[in-house]
Amino acid sequence: MKFRNTQSGYGLIAISLHWIVAAAFIANYILIFSREWFLDNKSDLARTFISTHFAIGITVLVFVGLRIFWRLFEKQPDDVPAPKYQHLAAHSVHFLLYAFMIIMPLTGYLGTGGPSKLFFLIEVPAFKNTAIFATVVEGWMGMNFETFEKPMDFIHKKIGTYAVLFLFVLHAGAAIYHHFVYKDRVLKRMIVPAKDHES
C-alpha cells in the first residue's frame, strides 16, 4: 500500500483526505437539516447542532486546503480511459466541488452574527467583531453587517446548499455508474490505495 499517488492509482493520503472531507460535508448536511426540520431553533440541542456545524465547516476548510496543496504538488493518476466529454464533465464537476468546498465554510463564517466555539473549546469571534470587518467591509466598502450578511446568507443557505447537493449526487452517481456499468476502476481506486509495486 502506497501513501503517495502512482500513475495508475491514488495513495492513502489522497484517499484519506477525500473521504474525510466527504464525511464532514455529509455530517454537516445531516446536522443542519435535522436542526431545521426537527428542532426548536432556540433549544439547547439546536444550538449544539449549529455550533458543531460551524466547527465541522472550519475543519472542512482546513482539509480542503490540504487537499488542494496535495493535488498541486503531488502527481495525479492518469485518467481512466473514457470519451473526452466524460473527462471534461468530471474535471468540471471536480473544479466546482472544490470551489464550493471553499465558498460554503467561508460564507458561513462571514455571515455569522455571533461568536462560536470550535468544538466547544476555542472561541472564534464573529466576523463582524474583527478588525478585518471594520477595515474592509465598514471602512472600504461602506457596509454595515446587516447589509453584508444578506448576500453571504443567500450564497450559503440557498445557492451553495443545493448546488453542492446537486454536484455531490452527480459526482457520486457518476462513480457508481462507472463501477457497475463500465466496470472500470474509477470508484475502486478512490477506495483502495495503490499497491507498492505500482509506479
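A Cβ is built for glycine as well, from the same backbone N, Cα and C atoms used for every other residue.
Automatic, uncurated: that is what TrEMBL annotation is.
Worth saying up front: this structure is predicted, and the values here are computed from it rather than measured.
Some features that TrEMBL has for this protein:
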{"type": "DOMAIN", "residues": "10-191", "note": "domain 'Cytochrome b561 bacterial/Ni-hydrogenase'"}
{"type": "TRANSMEM", "residues": "12-33", "note": "transmembrane segment"}
{"type": "TRANSMEM", "residues": "54-73", "note": "transmembrane segment"}
{"type": "TRANSMEM", "residues": "93-111", "note": "transmembrane segment"}
{"type": "TRANSMEM", "residues": "161-180", "note": "transmembrane segment"}
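When Cβ-Cβ distances below 8 Å are used as the criterion, the transmembrane segment (12-33) is approached by residues 1-5, 49-50, 52-53, 56-57, 59-60, 63-64, 66-67, 70-71, 74, 101, 164-165, 168, 190-191, 193 of the same chain, each at least six residues removed from its ends.
Predicted-model confidence for the domain 'Cytochrome b561 bacterial/Ni-hydrogenase' (10-191) is 93, expressed as mean pLDDT.
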